[in-house]
Amino acid sequence: MPIFHKISLRPEVENYLKQSFMNEEVVSASSKQEAERRFEALLIHLAHPPSFTTVRVNTHLASVEHVRGLLLNELEKFSGSSVPVLQHPALPDVLLIPVTGPRRNIEKQQCEVIVGAQCGNAVLRGAHVYVPGIVSASKFMKAGDVISVYSDIKGKCKKGAKEFDGTKVFLGNGVSELSRKDIFNGIPDLKGIGIRMTEPIYLSPSFDNVLPSYLFLQNLPSAVVAHVLNPQPGEKILDLCAAPGGKTTHIAALMQDQGEVIALDKILNKVEKLKQNASLLGLHSIRAFCFDATKAVKLDMIDGTEGTPPFLPESFDRILLDAPCSGMGQRPNMACTWTLKEVTSYQPLQRKLLNVAVQLLKPGGVLVYSTCTVTLAENEEQVAWALKTFPCLQLQPQEPQIGGEGMVGAGLSPEQLKQLQRFDPSVVPLQDMDTDCLGDAKREDMIWLANKDCIGFFIAKFLKCKSTEEKVSRK
């Protein structure tokens with residue numbers, strides 16, 4: 001039984017999503033009642049965290065077995081008992097840790113802290129509460145007090161308030177590291193832990209500073225993407241929208257750090273973070289640039305700086321376009337305040353970026369397109385548009401195939417839909433997980449659940465069959 005309500009959306013956004021998930025083809029393939037049930041289940045799943053925490057091992061520096069042993073030791077310190085760590089059979093560099101919860105019998109405290117929605121989402125996935133995320137604290141809160149933590153899911157609480165009676169969702173209890181006065185004394189760079197979570201509703205290990213050179217916290221479908229791209233040592237790879245670098249560093253590790261991985265992002269501090277991640281993971285094949293990917297094609301042959309953006313057409317062996325998107329597959333997310341205009345604003349940008357990717361890809365090269373959203377317009381409709389706009393592209397089967405097939409309604413054939421991967425958490429009921437059921441669970445059942453109960457995500461893989469020079473629009 002769900003512990004939270006379904007994700008809170010503006011009515012026009014919910015109706016927009018409902019139209020996609022209950023389009024004529026979906027309804028005729030099942031029934032109106034079944035389509036509606038699945039859509040409501042999706043909205044509930046989006047408000048809850050996935051059943052597993054997924055970490056990717058940096059195989060460039062250590063073996064999976066070695067890191068798994070180190071991780072088991074760290075988790076025993078965290079929980080005081082043995083926690084299963086499963087190696088994924090189809091993703092050998094991925095480890096899965098089950099999330100325990102929801103725990104329904106936690107006693108609420110008189111002293112309260114209200115955190116912002118983004119901070120609240122992080123707490124549900126194992127994070128402690130950092131000072132910048134704290135919006136409000138009870139009047140007499142002192143360091144060392146046991147505190148109940150709530151998420152202000154609709155963003156209505158005023159910074160520094162002493163109490164809040166608006167919509168708030170209980171996340172669990174913790175111990176305050178600081179007093180109210182310390183938190184709201186106007187020091188702008190106070191950034192450490194404000195509340196150390198001791199009784200979270202969902203018990204998931206905090207990976208703050210845990211084996212930072214060996215592990216990268218990553219959602220399961222995100223870890224599938226680089227395997228689908230299948231980069232080879234010595235190749236020249238482009239990650240068009242790369243920050244924060246999870247997929248970029250994964251690509252470099254799969255290439256054994258041999259070759260060249262060019263990473264672009266237009267936000268400078270994200271590029272700096274990506275460089276830090278690459279350095280921490282010991283990867284030297286990555287070159288990151290602060291650059292607008294929509295302008296990444298060099299439009300003339302005048303000599304410029306070799307090896308920096310923009311690039312000459314058809315100069316990359318493989319390209320990943322993990323496109324900016326509405327993010328409507330992210331979990332947990334209890335409330336999204338976006339307008340319909342904001343949710344639907346990404347399709348034109350994604351098409352610009354696809355145009356750039358096709359131009360920069362060598363004939364015979366591979367393009368992987370992915371998003372962390374569930375909308376038809378940003379996923380299957382973009383695939384249909386790309387196949388129509390660029391006759392040089394062919395859809396390819398994916399390996400590994402862990403997600404379900406694509407959703408009907410965008411005009412793609414059944415064969416084409418089978419070549420896509422759509423991760424839709426509504427295909428399984430929400431799970432209550434406790435230590436007893438973990439002890440009884442079969443390994444294969446847990447892997448199956450991890451594959452299904454993850455974030456909403458989409459992957460398409462294309463092969464460029466022939467050159468597009470002089471034929472692709474360069475608008």
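Using N, Cα and C of the backbone, Cβ positions are placed for all residues, glycine too.
Where the annotation comes from TrEMBL, it is an automatic prediction and has not been curated.
Database features, via TrEMBL:
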DOMAIN    140-465  domain 'SAM-dependent MTase RsmB/NOP-type'
BINDING   Cys241, Ala242, Ala243, Pro244, Gly245, Gly246, Lys247, Asp265, Asp292, Asp322  S-adenosyl-L-methionine binding site
ACT_SITE  Cys372  active site, nucleophile
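Annotated features, which come from TrEMBL, shown on the structure.
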residue : record                               : Cβ within 10 Å
Cys241  : S-adenosyl-L-methionine binding site : 21
Ala243  : S-adenosyl-L-methionine binding site : 23
Gly245  : S-adenosyl-L-methionine binding site : 26
Lys247  : S-adenosyl-L-methionine binding site : 25
Asp292  : S-adenosyl-L-methionine binding site : 12
Cys372  : active site, nucleophile             : 22
Distance in Å spanning the most remote Cα pair of Cys241, Ala242, Ala243, Pro244, Gly245, Gly246, Lys247, Asp265, Asp292, Asp322, given for S-adenosyl-L-methionine: 19
The residue listed as 'active site, nucleophile' and Gly245 (S-adenosyl-L-methionine binding site), distance between Cα atoms, whole Å: 15
Residue pair Lys247 (S-adenosyl-L-methionine binding site), Cys372 (active site, nucleophile) - Cα distance, angstrom, rounded: 13
Ala243 (S-adenosyl-L-methionine binding site) and Cys372 (active site, nucleophile), distance between Cα atoms, whole Å: 14
Average model confidence [pLDDT] within the domain 'SAM-dependent MTase RsmB/NOP-type' (140-465): 95
